[in-house]
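Trainee: The following feature annotations were taken from TrEMBL:
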| type | residues | note |
| --- | --- | --- |
| ACT_SITE | A:Lys94 | active site, charge relay system |
| ACT_SITE | A:Ser169 | active site, charge relay system |
| ACT_SITE | A:Ser193 | active site, acyl-ester intermediate |
| DOMAIN | A:35-494 | domain 'Amidase' |
| REGION | A:145-166 | region 'Disordered' |
Amino acid sequence: MTAAGATPDLPADLTRASAADLAAGIAGGTVSAVEVAQAHLDRIAAVDPGDRGVHAFLHVSGDLALEQAAAVDAARAAGRTAASPLAGVPLALKDIVVQQGAPATAGSRILEGWMPPYDATVTTRLLEAGVVILGKTNLDEFAMGSSTENSAYGPSRNPWDLDRIPGGSGGGSAAALAAFEAPLAIGTDTGGSIRQPAAVTGTVGAKPTYGGVSRYGVIALASSLDQVGPCARTVLDTALLHEVIAGHDPRDSTSIPEPVPSVVDAVHRGRADGVAGMRIGVVRELGGEGYQPGVLDSFRAAVAALEAAGAEIVEVSCPHFRYGLAAYYLILPSECSSNLARFDAMRYGLRVEPAAGQPVSAETVMSATRGAGFGAEVKRRIILGTYALSAGYYDAYYGSAQKVRTLIKGDFDQAFGAAGGGAGCDVLVSPASPVTAFRLGEKVDDPLAMYLNDLATIPGSLAGIPAMSVPSGLAADTGLPVGLQIMAPALGEAAMYRVASAFETLYVAEHGSTVPLSVPELVVNP
Amino acid sequence: MSSATPTLADYDHAIETFDPVLGLEVHVELGTATKMFCGCSTAFGAPPNTQVCPVCLALPGAMPVVNATAVEYAVRIGLALHCSIASWCRFARKNYFYPDMPKNFQTSQYDEPIAVNGYLDVQVDGETVRVEIERAHMEEDTGKSTHVGGLTGRIHGAEYSLLDYNRAGVPLVEIVTKPITGTKASAPAVARAYVAALRDLLLSLEVSDVRMDQGSLRCDANVSLTPAGNPVFGTRTETKNVNSLRSVERAVRHEICRQAAVLEAGGRIVQETRHFDESTGTTSPGRSKETAEDYRYFPEPDLVPLAPAPEWVEGIRASLPELPWLRRARLQQEWGLSDLEMRDLVAADAVGLVEATVDAGAPADQARSWWSAYLGQQANSRGVSLAELPITPQQVARVVALVAAGTLSAKLARQVVDGVLAGEGDPDEVVAARGLAVVSDDSALQQAVDQALAAAPDVADRIRSGRVQAVGAVVGAVMKATRGQADAARVRELVFSTLGVQA
Ligand SMILES: [Zn+2]
């Protein structure tokens, strides 16, 4: 990072630069936005396609991206001030956020070829900020999964080991960052789909407070849980992107009508002041059984580093977290069974005629289309949700799950609150993912094992609080990245980013570079 | 229900044997400019699928936003029906698949409606019947399917269906009564009177145009029979989309006779949806509700709960217009009408027209007379309602004023009205264009009188000699010369003064 106004020294390979440095270079005239976009498009062409390519992207919008970049360069040439601190920087957009001019699939066959006629609010904000959208990234179908193996278009690969998963559902966005195909990415997080991919790819990903970023134009999985968030390779880049996309949107009535927390300032504060005087809680229930030893070792080392830097470390107990996974797998399927009802062949997307001999009616066309267009995991969750909402079961399932949600919120209130015996923590920490990246195919036939990947991230989702994953290092047992999860109270993003930034600074001081810069050289399609 | 069962019982017999129980569900399309959850227009009759957007087409990613005016209208309706307004309520999703419902769920309200527990007093044969209201809740309309081919016009058996989503998302309020019991033989009349009173009320609240023929007010009539004196309700049927006041009455009456015949023959009533056929006045079975659809209701997570502030609700209460029946009683008194005269005006939908004519300056008796007599005949002969006649209360009031000023005679006034109805403009324009004004300009009249007297010197002599009745011939000649537009009394005065005769 360079001081404002100064022109940074950009690496010869522009794809290895941070978003902040690229933006400064573009604003200072060291490099053009078109050159930056082209460098990333070239990188994508080199590492993304092929049998053993990263396959982060489902669609690359080369012409659109170069057009957007040229507009940024033209604005600069005309003497206009940069549209935002990220003007001209390329970004990978998760293919669950709609953008005019690019197909939107949500990773599903049922939407194959659909061209959205409108922009999501997030898309609009990115384009208005001069961010250059390179293309749409891969994901588990409708964001249901933890590995991208549920994508109808094949899995993405983890740049740290191409035989391993990049996490999910936002594995495409995370892999694009780790493979230097883009310095910025957009993810969505329902139960961990930003944080778990960030953890297993050694990148940074933040889930803002529920309602912090508009969901308008984001294809819904579970409306009461879904949240859009920023992803990058550094905490500062993540914060810069956070401020571009966050804020109230009148088209999403669940978006919060409050000012966006000053997360960029918080990052600078974390660098300057560290964590001295902060109270950091370690959640007893997010560790132990089900967590890989190498992950726990890395986590303990991170906590020790924070303590050594002056933070006060306390252990907190959140007894209701153990019911989180069960509650989550009732609420999510219930809402998704309803949200996905619109995919019925009547207005857009796939249309499959009933088998020969069957009568052709609206019902049989809907049924044939949904049968052919949805994958196994999507069908599983639609069936679960339809059952959970049925008359006579609603109270026992959906109703009880909502009560658990309230109890989990209570646990967080207790951990963050100072009154009434509360632990008074500024943030809580845990591993973001219980394990490092597993092998492609390893858990694909075991949905329950797959669900456990979200063990640590689900409580924050149910409570609607902000949470992020920042790399804590490499696991000694696998040599793969581990993510440190930092959770803060609702709208407490500043504390969260401050701790993340402070930790990243400590890590660089000790190891000489950030985790993403230590990824081995990618050899695809040798 | 064997084929040997007589299909309909005699009505009087049915009522002696059974007590009918009614439940009425009325859907009102609100007259907001935009839809319930998006900014699309709600105007009726636009070309198909021209009033749609990502939200009301349920495109992936689109999200609803509640129309604040629709909430205000729902609160107005709730307050006018004496309901309690919820201090906190939510929308819910009613899940079922149907091609004219883009999301395959309807955003509605389920166990947390905006208004509950009210009533509406209706007049039936001079008696007041209190119909209790269970709830009024907000929801959105579906699109419109047109099933082409097949015999029934329904989805089954159709060759293909056309979908128009212009109506999808139009705001609705559904008003549900509690079971209406004890109405006996007047059950059909109570049903009709309730819907009529509700229509009046909604019109006066200015929340809907309540056009039953355009579907902006739709009634579903639930009817069940219970053996006379038995407190346990029987199985009910729901007759859908009864689209006129007369049909409400006929549908209820038909269901009473049909169900009585089934029950008397030892059969049982099937809980089902039935369709009313306007041409035959009968109902026929639709979807059976025995395998009741499970709508899997749950709170709409894309919308935040509504919490109408008490001050806001009280502000709306304070701004409610005078209730239509109170207004009618007041006007009847102000205009000095008998019950029968008032009832005729109400039946002709003329109360508002007369009131507006009075407001424009006409005396009440003349305003009423115009609308109920001459304009009534004109409306009848054209087959339109009074309101549809191309004349405004202000124009009628102007005609009345011209008569009062002596500019028009009664006969000329009707010709002026004819001109207005023929699209010739305002009354004054018609008077000018057709040259219809009574000639009251003395100089013009004097000239006509002088000419008439000069043409008939013998008559003039006779008048001078005191035979004043001879003036009639001169007046007649002047009237003829002015094509009937002279004021006969003034002509008479001018004849006498010209001849120096004391009348
Ligand atoms: Zn619309």
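Just so you know, glycine gets a Cβ as well, placed from its N, Cα and C.
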Trainee: Per DSSP, the residue listed as 'active site, acyl-ester intermediate' is which: helix, strand or coil?
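Mentor: SS state of the residue listed as 'active site, acyl-ester intermediate' = coil.
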Trainee: Just counting, how many other CB atoms are there within 10 A of the CB of A:Ser169 (active site, charge relay system)?
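Mentor: The Cβ of A:Ser169 (active site, charge relay system) has 34 Cβ neighbours within 10 Å.
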Trainee: Which whole-number value in Å describes the distance between the Cα atoms of the residue listed as 'active site, acyl-ester intermediate' and A:Ser169 (active site, charge relay system)?
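Mentor: That separation, Cα to Cα, works out to 5 Å.
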Trainee: What whole-number Å value do you get for the CA-CA distance of A:Lys94 (active site, charge relay system) and A:Ser169 (active site, charge relay system)?
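Mentor: Spelling it out, the Cα of A:Lys94 (active site, charge relay system) and the Cα of A:Ser169 (active site, charge relay system) are 10 Å apart.
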Trainee: Just to confirm my parser: what is the rounded mean pLDDT across the domain 'Amidase' (A:35-494)?
Mentor: 96
Trainee: What does DSSP give as the helix, strand and coil breakdown of the region 'Disordered' (A:145-166)?
Mentor: 0 helix, 3 strand, 19 coil
Trainee: Within 10 Å of each Cβ, count the other Cβ atoms, then let me know which of the active-site residues A:Lys94, A:Ser193 comes out lowest.
Mentor: A:Lys94
